[in-house]
Amino acid sequence: MCTCIFFIYMEGFFSCSPEVKNVSLYFSCLLWVFSHSLCPLLSAVKLFGCSAAAQVKTSRETKGQFLSVNMAFSVGVMSAMYLTKNISGAHFNPAVTLSFCVLGQVPWGKLVPYCLSQVLGAYLASGLVYMVYYDAIMEFSGGVLTVYGPNETASIFATYPSEYMTLGRSFLDQVMGTGMLMLCILCLEEKRNTPAPSELIPAIVAVIVLGISMSMSANCGAAINPARDLGPRLLTLTAGWGTEVFTCYNYWFWVPLVAPLIGGVIGTFIYLFFIHWHLPDPDPPESLSSLSTISDKIKQPSTICIHLWEK
């Protein structure tokens, strides 16, 4: 992606006409492209979660537990939101981005660039985790990178179902988890309800993610984010785990890609149908109400004069 943008930049640079003298404007446009298309790469902050998973797995839970992974992912989400909230809107989940496109709050033209950047960010984050914990992973697995067995290490990066899960139940699990995510975050900025302070929204979203991961991750790992799953899965494909990361569990890989997208939209419509459309109309501003009071007082004398004239 960076290479493509480089060539676009070079093409634009050499095709500029002599009349174009404001170079700063051109660089401003270029920076806008980077900030609004590549800033979701800062979702690589979620390497906190994969790092915690690597630490817990390779230490055989002597240096952390299941809760450690959940809390690390939540801290990563909060950090990424604080970093990118006023640049890209803190979009590092394709399911959330799609839902906001359906609501009309994000232009559809930004959907694909955001999603590609989100996947690339997750891929780079996983690569960093792999480099940091390479020795620990090799020592734990005996140098054999597998998806199955007691020494499997693929689950450090991507999500996989428990052996008792079917595809249908797994799909429902991901739909429900992502639907809950959207249902909880859409109300945070609702002025007609009980909006959260803007500066606390990242922390509140982190707590929501923590609650979902602590209560809905036993079955399938609570991906609730296609980029968070696909990026690391591509990393394991290229780093030595092979095609098994896509073929295992009856080609289960498509579930955390498709189900969160559907679940996010379903959660959005549930919020619209049962919450948003039933909220009271916002109160008129005090300035408008005071103006109406003044106008009423102005009209009263004229009414009295009319009655006196009639008499």
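Including glycine, each Cβ sits where the backbone N, Cα and C put it.
Small disclaimer: the values here were computed from a predicted structure and weren't measured.
The following features are taken from TrEMBL:
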TRANSMEM  23-45  transmembrane segment
TRANSMEM  66-84  transmembrane segment
TRANSMEM  90-108  transmembrane segment
TRANSMEM  115-133  transmembrane segment
TRANSMEM  200-224  transmembrane segment
TRANSMEM  251-274  transmembrane segment
Ask   = Taking the transmembrane segment (66-84) as reference, which of 90-108, 115-133, 200-224, 251-274 has the most Cβ pairs under 8 angstroms?
value = 200-224
Key: Candidates 115-133, 200-224, 251-274; stretch with most C-beta pairs under 8 Å toward the transmembrane segment (90-108)   = 251-274
Key: Contact set, same chain, for the transmembrane segment (251-274): CB under 8 Å, 6 or more residues outside the stretch   = 93-96, 98-99, 102-103, 158-161, 167, 170-183, 186-187, 220-221, 223-226, 229-230, 233, 245
Remark   = Per the Cβ under 8 Å criterion, with at least 6 residues separating them from its ends, the transmembrane segment (200-224) contacts 67, 69-71, 73-75, 77-79, 81-82, 85, 90, 93, 95, 155, 158-162, 165, 169-170, 173-174, 176-178, 180-181, 184-185, 188-189, 255-256, 260, 263
